[in-house]
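Here is the structure we will look at, set down as structure tokens.
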Amino acid sequence: MRSVLSLALLAANVVTAAVVAPFDYSGYKVIRVPTQKDNVKEVQRIITDLNLDTWKYPKSEGQNADIVVPPSQISSFMERISGMNIEMMHEDLGLSIRNETSFEAYSAGYAPDINWFKSYHSYQDHLSYLQDLQGLFRTRSEYVDAGKSHEGRTIPALHIWGSGGKNSKPAIIFHGTIHAREWITTMVTEYMAWSFLSQYNKNADITSIVDNFDIWIFPIVNPDGFAFTQTSNRLWRKNRQPNPNARCPGRDLNRNYPYQWVGPGSSSNPCSDTYRGAQPGDGTEIKVHIANMKKIAANKGIAMFVDWHSYGQLFMSPYGYSCTARPPTDARHQELSRIFAQALKAVHGTPYKTGPICNTIYQVNGDSVDYALEVLKVKLSLTAELRDTGARGFVLPADQIIPSGEETLAGTVAMLKAVIQG
């Protein structure tokens with residue numbers, strides 16, 4: 001393998017995307033301001049007055065504000081927050097991104113092993129890796145082109161089964177990278193796919209899980225946005241679908257599902273990172289994913305859906321749209337969340353908080369978890385925010401990929417064992 005810069009790794013697919021010059025974050029800082037009752041309104045005003053981007057916006061006291069500050073605003077920002085406690089997440093965001101995006105180029109046909117998880121990778125290399133991984137286990141897996149993104153990219157999936165054969169068991173569905181900048185989710189979902197395949201008939205717990213469930217893993221739910229983060233803007237979140245009569249492209253795919261679509265947990269502003277779209281379910285990729293989930297459900301049903309995100313170290317249950325409503329299966333969701341968090345922590349000591357989405361992180365409208373539970377009638381619908389809690393945020397160093405994969409696999413195995421046991 002040879003080291004190359006991500007900007008040289010342009011996708012080989014021919015797509016109808018406009019060329020956008022790479023955004024340079026050199027000199028930008030990411031600063032955390034913990035909020036309290038006496039400063040949360042002022043922090044909100046500072047963000048608005050200086051027109052600053054945030055990784056985490058403080059909607060109420062006690063929440064952290066993770067703020068991206070450009071070089072031109074650093075002096076004004078530091079003056080405004082004088083006297084407040086702060087934590088420096090990235091002294092130079094551009095340098096952090098350059099360190100993170102020194103990819104290891106992947107040679108197609110390579111026998112996948114743990115070395116894949118020592119680096120982040122280009123979109124095209126992910127496609128090659130997934131096909132090579134499946135090629136090692138042809139009798140109990142398939143690589144699936146699940147559909148096309150708005151710009152024509154493949155939405156890849158791995159379908160894994162055990163002794164009962166293909167489509168013979170209730171399904172488990174894992175989604176990663178619905179938000180383009182959350183690269184660790186791509187790698188962790190692939191780590192689980194690699195483990196389910198390579199450890200079958202070697203690890204008793206994994207063998208039992210694969211024999212009891214039909215497993216579908218979609219590591220890159222939002223391929224256009226993901227590719228855009230690698231060539232143009234590392235911190236892009238949405239898809240790349242144009243919005244009529246608006247200068248800002250993209251919708252937040254996790255605000256676009258057609259259930260409880262309108263509310264304070266999403267935005268009607270096309271320039272917002274949480275823009276819900278013009279109509280419920282109008283995202284190209286959402287149409288693909290809904291069609292796939294319905295097709296999977298038509299076999300033996302869906303036992304569990306998990307949407308993997310970053311960052312925050314959280315494992316959460318429905319609902320996102322309401323902070324007071326609870327599903328009838330709330331107790332079971334909470335029990336499994338605790339099992340996941342306890343088993344995960346036992347690996348590297350990483351603490352996770354658990355609870356309903358709205359109460360644990362923030363209110364969300366039009367999200368995948370609520371849609372899967374209430375519309376598709378998935379039995380168990382959950383979501384995670386992977387490492388970290390904000391020391392590095394979305395730009396997580398590559399040396400955290402393997403430990404993130406190890407602990408997430410342990411939590412997932414423990415949780416699925418509990419599902420099997422009933």
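The backbone N, Cα and C atoms fix where each Cβ goes, glycine too.
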For the substrate site that Swiss-Prot gives as His179, Ala180, Arg181, Glu182, Asn254, Arg255, Ser310, Tyr311, the extra residue out of Arg237, Arg240, Arg326, Arg332 is Arg237
From Cys248, Cys323, the residue that Swiss-Prot pairs with Cys271 through a disulfide is Cys248
Cα-Cα, Arg237 (substrate binding site) versus His179 (Zn(2+) binding site), nearest Å, comes out at 5
Cβ atoms other than its own within 10 Å of the Cβ of Arg181 (substrate binding site), all chains, total 25
Under a three-state DSSP reduction, the secondary structure at His309 (Zn(2+) binding site) is strand
Cβ proximity for His309 (Zn(2+) binding site), under 8 A, sequence spacing 6+, ordered by residue number, returns Ile178, His179, Glu182, Thr185, Asn254, Thr383, Ala384, Glu385, Leu386
For Tyr311 (substrate binding site), the same-chain residues 6+ apart in sequence with C-beta under 8 angstroms from its C-beta are Glu182, Ile184, Glu385, Leu386, Arg387, Asp388, Thr389, Gly390, Gly393, Phe394, Leu396
